[in-house]
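What Swiss-Prot records for this protein:
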{"type": "DOMAIN", "residues": "2-81", "note": "domain 'GST N-terminal'"}
{"type": "BINDING", "residues": "Ser12, Lys39, Ile53, Glu65, Ser66", "note": "glutathione binding site"}
{"type": "DOMAIN", "residues": "86-210", "note": "domain 'GST C-terminal'"}
Amino acid sequence: MAEVKLLGLRYSPFSHRVEWALKIKGVKYEFIEEDLQNKSPLLLQSNPIHKKIPVLIHNGKCICESMVILEYIDEAFEGPSILPKDPYDRALARFWAKYVEDKGAAVWKSFFSKGEEQEKAKEEAYEMLKILDNEFKDKKCFVGDKFGFADIVANGAALYLGILEEVSGIVLATSEKFPNFCAWRDEYCTQNEEYFPSRDELLIRYRAYIQPVDASK
């Protein structure tokens, strides 16, 4: 039987993407929790270039970067496909995955920065949400009729954005401003709950990093 290990963090959206894909494929794996303040020799050895999680170790071979790992899992293991079969649809899925990956940083900066940097990040986040809201006007998934590669990569905009909003009191996505995006997010979280980490645990984790907005100011 193939040996599969995943170096990651339980509350990281990047690790979560990989766990989700492994569960879709029905792959048994060992999860090794990392401490990013005290990185293990295994992590440093497995990802000597970036020294970041997640890292998938499959039969002693190391694969880094969550989007690269997702494609590897789809090709290396049997089970339901994560990427579409049609070449055009595959290209489309990769396009949207790259878009949300590139633009998603602004969402995180909206909660983890201050002052002018935070305001600029919010504007960039609103622009991304506007584009996604338009994209989900007539569909529930990025490509086709089932959640797949691009949707998994968009977990930061779906699941984790809601967590950050609840913890911080800063709300970026409202149904008044972005009704289609919010409908997609609701469906996303309902349909894929079995693949998600504990919401309560995520709230506890992120409350340790984010101070809520003081509404009295």
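Each residue, glycine too, has its Cβ placed from N, Cα and C.
Sequence features annotated in Swiss-Prot and their locations in the structure.
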residue: Ser12; record: glutathione binding site; Cβ neighbours (10 Å): 21
residue: Lys39; record: glutathione binding site; Cβ neighbours (10 Å): 15
residue: Ile53; record: glutathione binding site; Cβ neighbours (10 Å): 23
residue: Glu65; record: glutathione binding site; Cβ neighbours (10 Å): 18
residue: Ser66; record: glutathione binding site; Cβ neighbours (10 Å): 25
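Taken residue by residue with DSSP, Ser66 (glutathione binding site) is part of a helix.
Residue annotation for glutathione gives Ser12, Lys39, Ile53, Glu65, Ser66. The furthest Cα pair among them is separated by 18 Å.
Helix, strand and coil counts under DSSP for the domain 'GST C-terminal' (86-210) come to 91 helix, 0 strand, 34 coil.
Summarised as a single figure, the pLDDT of the domain 'GST C-terminal' (86-210) averages 94.
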